[in-house]
Number of protein chains: 2
Amino acid sequence: MERIIRAPRGTTLSCKSWQTEAPMRMLMNNLDPEVARDPANLIVYGGTGRAARNWQCFDKIVETLKTLEMDETLLVQSGKPVAVFKTSEWAPRVLIANSNLVPKWANWEYFRELEERGLIMYGQMTAGSWIYIGTQGILQGTYETFYAVAKKYFGETLKGKWVLTAGLGEMGGAQPLAVTLNDGVVLAVEIDKRMIERRLNTGYLDTWTDNLDEALEMVQKAVKEERPLSVGLLANAAEVHPELVKRGIIPDIVTDQTAAHDPLTGYVPAGMSFDEALKLRKENPQKYLELVYESVVKHINAILEMQKQGAKVFEYGNNIRRLAYDHGVKDAFNIPGYVPEYIRDLFAEGKGPFRWAALSGNPEDIYKTDKKVLELFPYDDHLRKWIELAQKKVKWQGLPARICWLGQGERAEFGLAINEMVKKGELEAPIVIGRDHHDTGSVASPYRETEAMKDGSDAIADWPILNAMLNVASGATWVSFHHGGGVGIGYSLHAGMVIVADGTDLAHKKLERVLTNDVGLGVVRHADAGYEIAIETAKKHNLRMPMLD
Amino acid sequence: MERIIRAPRGTTLSCKSWQTEAPMRMLMNNLDPEVARDPANLIVYGGTGRAARNWQCFDKIVETLKTLEMDETLLVQSGKPVAVFKTSEWAPRVLIANSNLVPKWANWEYFRELEERGLIMYGQMTAGSWIYIGTQGILQGTYETFYAVAKKYFGETLKGKWVLTAGLGEMGGAQPLAVTLNDGVVLAVEIDKRMIERRLNTGYLDTWTDNLDEALEMVQKAVKEERPLSVGLLANAAEVHPELVKRGIIPDIVTDQTAAHDPLTGYVPAGMSFDEALKLRKENPQKYLELVYESVVKHINAILEMQKQGAKVFEYGNNIRRLAYDHGVKDAFNIPGYVPEYIRDLFAEGKGPFRWAALSGNPEDIYKTDKKVLELFPYDDHLRKWIELAQKKVKWQGLPARICWLGQGERAEFGLAINEMVKKGELEAPIVIGRDHHDTGSVASPYRETEAMKDGSDAIADWPILNAMLNVASGATWVSFHHGGGVGIGYSLHAGMVIVADGTDLAHKKLERVLTNDVGLGVVRHADAGYEIAIETAKKHNLRMPMLD
Ligand SMILES: NC(=O)c1ccc[n+]([C@@H]2O[C@H](COP(=O)([O-])OP(=O)(O)OC[C@H]3O[C@@H](n4cnc5c(N)ncnc54)[C@H](O)[C@@H]3O)[C@@H](O)[C@H]2O)c1
Ligand SMILES: NC(=O)c1ccc[n+]([C@@H]2O[C@H](COP(=O)([O-])OP(=O)(O)OC[C@H]3O[C@@H](n4cnc5c(N)ncnc54)[C@H](O)[C@@H]3O)[C@@H](O)[C@H]2O)c1
């Protein structure tokens, strides 16, 4: 019998305070069937990104949180609760380290070996750190990215343009809606029928077919009529993309969100159904991987050809360029990464995927905070457009939550306002505030967030470590440090933080520090690398950088 | 003109409190000519382990510490002071991350490239984290190790036995005295005359020669007379060792402390003087490296041959086995590492290189704490023997300091006793308490501290990250996280902590937590891996491990 996990709602505490109730509810929320990709196996999203190492560990984490005192800290090692120590009221209640390996051993093969022996867990970014909030989490980022593409190349709108992509998984599932929100048309190739159904059910995808001709007909009609439309195509990208090239059909924009960062569980080779793939993956992983490599080569060669014929192409952080490169596509890196192309300038101002969730489970709490954020930042039209669209189009998954990209200063201001609302009883219960690991100061990832840094510091990982330690020092409620994540083992290190706004004065102090420092370090990191926008932002917000004094 | 750095002594503060005075003095102390290997280049020990990235950064760190408030935290990225943030009284005053790289980029070549571009610094273990205390730091560990060898194979004494080793650098320089303290004879091969002189001057080495025959004569005479003796031989190990094999002269024990973990700057190839080596290293690093590889192969093959002929051999954490292995010596790993052979059981009880230094600069402060530690743990004969020997044989280098291996429970008890002494005015000034990164719970290093773990978790690096975060959460005064260290880039990750006992009540609370939790996590790490001694230690000290509840 399958266990169904769902976070408790309302104001009755299972734990001794909201400081521990919050991580408990958010851990459970990560495994809510509305939220998680494969809750039976504790998999939240992104290949095998898990919330806890196994069910026994999950139960022990919950049990421990229920008895944890306000000056105790639980330590979680790759999803296993290993110790409780007495710390202080200022300390985080939970410290998490997931998937970390000594560099020379940092490869998938070795990782999987350790995983099989029950010694390690893949934490992805927000899976093992308990702040994944469903596909909305990525929807805003994807919306921002397609908006940035539109801004750079198509006059701020995707009207009458079409996007080709693949992968409608937990992150990739945000693509169709993100494109239609920008008034464009999208053809999204996905090999797993359940994923297509999931997106249809949540309203992220408009329609689907398993017939390429039919799909193209729908797409071309919508493009002609300048009407937004998203079409799911049940097929394999490694077959569809080369076929389009053959037919001379070139999209305006091409990207990809198959989980290619994890070739064994995240990419399905051409020539087989999803179920056949599952079978072969188990029975003959070596053979499976060989077929994946062949397919990825075809897939990327097709994208490169589309690029040559004028399509705007970019890699969307799944490390598929590297995989293709390693298997012979020497010009795979002609495809630019999305961060240097579209996101770097936002990071330099401290903007990134800020998010919050209502521990009450009451959507009204989120609507009230939506109102508050628009009140606080009335000058931000783009923010207003997003919040309005999100209210209309985003269905709740698990605990109601909201995401938007706020920058230095704004995050702290808004966090304090939320705490004030909780204090005054305007909200039913406390709010947790966090962010993706994929943020301005929290990650070193040379093929994604730190690709092509101005000073060449792409691979320097001191920053995410400082970020984790600074968040512990500043009063975050839980802090995590992961290896791997979206780009896979060996390719990134990143830190996460979540903080509870429970309306207390202590929370006020902590929120002020955490929401200033966490993002402040991101601005500093970019200023240190020489980005003008960051240097200005640091000055404007009085961030103290001794070497610039 | 060369700058001479020396920590201020006495009780006049340059900073706003002892919490910031302490890191300032300890940073300066690391560069004291009595302490540092090459202070002009900010190199403290272990190849190129630095205290700050450059002089400009050093000055800015000092300047910033002088103005830092009790609720502010300075962030140091690879020896550069990058930011100051407002945190809290419970937070560390300094957070340090050195030499960290994303795993796929974690190799010497890439590191050196970044270093040349001024973007990164090699932090070693206690160099970049400001708690190196000269060769005494390693003397106790080396003494413990040779004692463990004696215990395992020679009836608790090295009387009438002889040790062959090489390298009299900052760490390796402790070997001669550690052997003679165990009543043995040692022949230490060293290619740099200045290093031999340094050891003679500090009384760590008894005598020297540049003539192999003369050296052997002295050694053989002392062995015969069962008289402790240390002989420095100005020569190259890659020449001496094979020559000994050729002559059929087999030592009782063989190890090595050339800085082979960093082949370009730490190992001198056969066939040239030290000065010639320096020149070639600069002019043709590629050629230099090729010669190093050839020499290391000869060096290790000689040790393997001695092992076959009955010598007890072990690698002493400089990764020389791996270097030899990579260049063709396929049985290099027949040489065991010293940790699984001799240190693991100590780690499992939480024992490790605990240390403290007198910020006053007054040796009396250390003698008083020596007395205190013996009073507190009267049952520990081995400890008594060490403290008495240290008082007799160890010359102060920089600020007076002491090291001894204390375990779970003992560290906190002693730390609190020190704080009480400061409070009562029994000591002239506060004491800093810290440890090497090379400790029970602070490091992942599959060729050294975590070699051959019982459960196969050698390469899992979640533990040092949890250790760093836990020390931040528990109230350490400064916390560091490094990559590289003794075994070099790619091979280890480790955390450090230092805490100031300034006699205040807040320090009391912090000391209790930090000195319990820091080592407690080490016991937990070993208990989690299945070591019985650790499980018993955890039970005895009521460490809470949820999965063992
Ligand atoms: N851009 C970002 O901000 C960002 C953030 C996080 C993760 N990612 C990366 O994006 C990728 C997707 O993440 P996810 O969470 O959606 O992964 P996922 O595992 O949930 O989904 C991947 C989907 O791709 C489908 N797929 C695999 N191979 C296919 C093929 N050949 N043709 C068609 N469909 C195929 C799978 O059936 C699955 O539904 C990952 O690599 C992830 O690491 C990007
Ligand atoms: N065992 C431990 O606890 C421990 C701790 C830290 C470091 N280490 C490792 O031990 C090694 C030594 O550390 P260190 O700080 O003394 O390094 P160091 O650089 O200060 O000294 C190395 C010495 O070896 C000499 N040398 C180099 N090649 C030689 C050769 N072929 N023949 C003779 N002499 C030669 C050099 O002249 C130098 O004096 C390092 O690899 C270090 O990482 C061990």
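Every residue gets a Cβ built from N, Cα and C, even glycine.
A quick note: this is a predicted structure, and the numbers were derived from the prediction, not measured.
Annotated in TrEMBL:
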{"type": "DOMAIN", "residues": "B:5-131", "note": "domain 'Urocanase N-terminal'"}
{"type": "BINDING", "residues": "B:46-47, B:GLN124, B:GLU190, B:236-237, B:257-261, B:267-268, B:TYR316, B:GLY486", "note": "NAD(+) binding site"}
{"type": "DOMAIN", "residues": "B:134-342", "note": "domain 'Urocanase Rossmann-like'"}
{"type": "DOMAIN", "residues": "B:345-539", "note": "domain 'Urocanase C-terminal'"}
{"type": "ACT_SITE", "residues": "B:CYS404", "note": "active site"}
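Taking CA atoms as the reference points, B:GLN257 (NAD(+) binding site) and the residue listed as 'active site' are 21 Å apart. Neighbour counts of Cβ atoms within 10 Å were compared across the binding-site residues B:GLN124, B:ASN236; the minimum falls on B:ASN236. When the Cα atoms are compared, B:CYS404 (active site) and B:GLY46 (NAD(+) binding site) turn out to be 21 Å apart.
Ranked by Cβ neighbours within 10 A across all protein chains shown, the recorded positions B:VAL268, B:CYS404 are led by B:VAL268. The residue listed as 'active site' carries a strand DSSP state (E or B). Around B:ALA259 (NAD(+) binding site), a 10 Å sphere centred on its CB holds 26 further CB atoms from the protein chains shown. Other Cβ atoms within 10 Å of the Cβ of B:GLY486 (NAD(+) binding site), summed over all protein chains shown, number 30.
Across the domain 'Urocanase N-terminal' (B:5-131), the DSSP tally of helix, strand and coil residues reads 41 helix, 25 strand, 61 coil.
Proximity to ligand 2 at the level of Cβ atoms, with a cut-off under 6 angstroms, picks out B:GLY486 from the recorded positions B:GLN124, B:CYS404, B:GLY486. Taking the Cβ of B:GLY46 (NAD(+) binding site) as centre and 10 Å as the limit, one finds 29 other Cβ atoms among all the protein chains shown. The DSSP secondary structure for B:GLY486 (NAD(+) binding site) is helix. Note: B:HIS261 (NAD(+) binding site) has non-local neighbours B:GLY46, B:GLY47, B:ASN318, B:ASN319, B:ILE320, B:GLY486, B:VAL487, B:GLY488, B:TYR491, i.e. same-chain residues 6+ apart with C-beta under 8 A of its own C-beta. Using a 10 Å radius centred on the Cβ of B:GLN257 (NAD(+) binding site) and all shown protein chains, the other Cβ atoms total 27.
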